[in-house]
Amino acid sequence: LGAGGTPGQAGRSSPVTVPLSPDAVTQDEPSEWEKTELDQAQVEQRIKEYNSQINSNLFMSLNKDGSYTGFIKVQLKLVRPVSVPATKRVPSLQAGRPHPQGVKRRTSFYLPKGTVKHLHILSHTRASEVIDALLRKFTVIDNPRKFALFERSEKDEQVYLRKLSDDEQPLRLRLLAGPSEKVLSFVLKENETGEVNWDAFTLPELHNFLLILQREEEEHVRRLRHRYARCRQKMQEAL
C-alpha cells in the first residue's frame with residue numbers, strides 16, 4: 001500500500017496469495033530429529049558442541065534455571081510492502097501556539113531483498129514472539145498475523161520449507177540442528193494459508209483492495225468489449 005494509503009501506490013501490491021518459493025517443497029510436520037526431547041545434561045552437551053562449531057561470538061549460554069539463551073538469524077523475504085508509522089507536521093491554525101501539531105499517519109515501503117536480522121532470544125521464546133520482535137525492530141505496524149516464521153532446509157539439492165506453529169521454539173530447533181544454515185535456517189514470509197485472512201487488514205487497506213479489484217474488473221471488461229467489437233467488425237466486413 002502506498003504512503004498514507006493512497007490508491008495510486010496501492011496498485012503496486014496485490015491482495016491475492018503469493019507462493020512461498022517456486023523451487024521449494026513445503027512440509028507440514030517437523031522432522032524426526034526436531035521431535036527429540038533433551039534432558040538437562042544433553043542440553044549442556046549440545047550447547048558445548050554448538051559453541052565449538054561456530055566461527056563468531058554468537059554463542060549459546062546455559063542459565064542457572066535450566067533455560068538457555070542464544071542467537072538466531074532470520075531472513076526476511078516479504079513480497080508485499082510493510083507499513084511503518086509516519087508523522088506529518090502540520091502548522092497550527094491558532095496564533096501564538098509555539099509548537100506545530102503532529103498528525104499520525106502511516107507509510108509503506110518494500111524491505112530490501114536479502115534483509116537479515118539477528119535476534120538474541122531464550123530457549124522458551126515462541127515463534128509468534130520472534131515475529132513480534134522482528135516487527136518491532138523494523139517499526140512495522142502491520143498485524144503480526146499477516147506474517148509467519150518458516151524453517152528452511154536443504155537436502156539432496158532440494159529446498160524444503162515448513163511453517164512453524166506459534167508455540168514452537170526456534171532456539172531449541174537451532175540447538176538441535178547445529179549452526180549449519182543448510183540444515184536449518186529461519187525465514188519470515190507472508191502468512192499464506194490458501195485463503196486471505198481479511199480480518200487482519202485495516203479499513204484503509206481493505207478500501208485500497210476494493211479499488212484494485214474495481215480497476216482490474218474495468219480493465220477486463222474493456223478488453224472483452226474490444227475483442228467482441230473486432231469480431232463484430234470482421235463479420236460485418238465479410239457480409
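Just so it is clear, glycine is given a Cβ too, placed from its N, Cα and C backbone atoms.
Those TrEMBL annotations? Automatic predictions, nothing curated.
Lifted from TrEMBL, the feature list:
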- 1-35: region 'Disordered' (REGION)
- 103-193: domain 'Ras-associating' (DOMAIN)
- 195-239: domain 'SARAH' (DOMAIN)
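Within the model, the domain 'SARAH' (195-239) carries an average pLDDT of 85.
With DSSP classes pooled into helix, strand and coil, the tally for the domain 'SARAH' (195-239) is 39 helix, 0 strand, 6 coil.
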